[in-house]
Amino acid sequence: MKKMDQKIIQMKEMDLLLCPKCREELHVEEKSLKCKNRHTYDVSKKGTVNFVLGYGEEYYNLAMLEARERVMGEGFFEEILTAMAEEIYEDILLLEKEGDVIRILDAGCGDGSHLAMLGEALKEKGLQVSMVGVDLSKDGILLAGRKMNDALYFVADLSALPFKDNSFDVILNILSPASYKEFQRVLSPSGRAYKVIPGAKYLTELRKLYGLSEYDNGEIVSHLKSHTVVYKERDIRAQKKVERYADDLLLMTPMLWDKTILEPGAKLSKVTIDVHLATFGYPKKIEEGVSL
Ligand SMILES: C[S@@+](CC[C@H](N)C(=O)[O-])C[C@H]1O[C@@H](n2cnc3c(N)ncnc32)[C@H](O)[C@@H]1O
Ligand SMILES: [Zn+2]
């Protein structure tokens, strides 16, 4: 018997495991331990379990991130990335930093596709960039690390970043959680951060198909505004033809991960992209604790 199978039997027999996040009982499902809240911990070949990196293992596993990578490779976020490159470029000119090496952090970079594409776009505009991506998901960083570029990638928690103060000119935070205190620490005072938040119509076709209500980003936007100075906001919308990669789209979309996917691709031809792009930062006033 394989070591992993042996240990799994032992885990079942001992019946002692609780989910460290929600304190619910863990049960064995294939090669993972799961609680009723779907927190998931994979059992390694050696039969050990990593509970510390629970978040990364939970949903953003290799198959899902590979699907995300393929979808992004089809240009799914083209309009968003083009808009972001424009905003970043204009801000760099405004700050008269176009001669410097621009240090970019992608906080919650997933498989690294966006950072790679944005870096390319900014280089094409004549900027010099150095790129760093962090994600809690080991698999995300594994995929990012396979990319042929000179970015650095780390498995790390964006709320406890392994970087010195004022290390970055630009922070990207795309469809990922944020830690505004930690971003403030690592962003230079003149730096800019760019957050992409889904809008009400983001993937609305998928939401309808699965009976989900419209997305409301109100709380996220007001949280952002109460912790940072928002310099600029803009909405980006596009219709994407997705027949060719509809199955991957379903696989990569977090809101569907607990849904049963029946004959997925057949019903999907076009989906709407609708996101809110906010440019924010931390000018001196805020650093000195003066509230706005
Ligand atoms: C919806 S995905 C977006 C990934 C990528 N930015 C994209 O748009 O494809 C959210 C990402 O946030 C990461 N994440 C969640 N919490 C995190 C944390 N505390 N620190 C670092 N990454 C985190 C997840 O692992 C996941 O890769
Ligand atoms: Zn749990």
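Going from the start of the chain as shown, residues are counted 1 onward.
Backbone N, Cα and C atoms are what each Cβ position is placed from, and that goes for glycine too.
Copied over from TrEMBL:
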- 18-51: domain '23S rRNA (guanine(745)-N(1))-methyltransferase N-terminal' (DOMAIN)
- CYS19, CYS22, CYS35, HIS39: Zn(2+) binding site (BINDING)
- PHE77, TYR202: S-adenosyl-L-methionine binding site (BINDING)
- 104-191: domain 'Methyltransferase' (DOMAIN)
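Location within the structure of each feature annotated in TrEMBL.
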| residue | record | contacts (Cβ under 8 Å, 6+ apart) |
| --- | --- | --- |
| CYS19 | Zn(2+) binding site | GLU25, LEU26, CYS35, ASN37, HIS39 |
| CYS22 | Zn(2+) binding site | CYS35, ASN37, HIS39 |
| PHE77 | S-adenosyl-L-methionine binding site | SER113, HIS114, MET117, ILE273 |
| TYR202 | S-adenosyl-L-methionine binding site | TYR215, THR272, ILE273, ASP274, VAL275 |
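Report note: the Zn(2+) site is defined by CYS19, CYS22, CYS35, HIS39, and the residues of the same chain whose CB lies within 8 Å of the CB centroid of those residues, excluding them, are LEU18, PRO20, LYS21, ARG23, GLU24, LEU26, LYS34, LYS36, ASN37, ARG38.
Every protein chain considered, the tally of other Cβ atoms within 10 Å of the Cβ of CYS35 (Zn(2+) binding site) stands at 19.
For the recorded site, PHE77 (S-adenosyl-L-methionine binding site), the DSSP three-state label reads coil. Other C-beta atoms found within 10 angstroms of the C-beta of HIS39 (Zn(2+) binding site) number 20, with every protein chain shown included.
Only CYS19, CYS35, in sequence order, out of the binding-site residues CYS19, CYS35, PHE77, TYR202 have a CB under 6 Å from ligand 2. Remark: secondary structure over the domain 'Methyltransferase' (104-191) totals 27 helix, 28 strand, 33 coil, with classes taken from DSSP.
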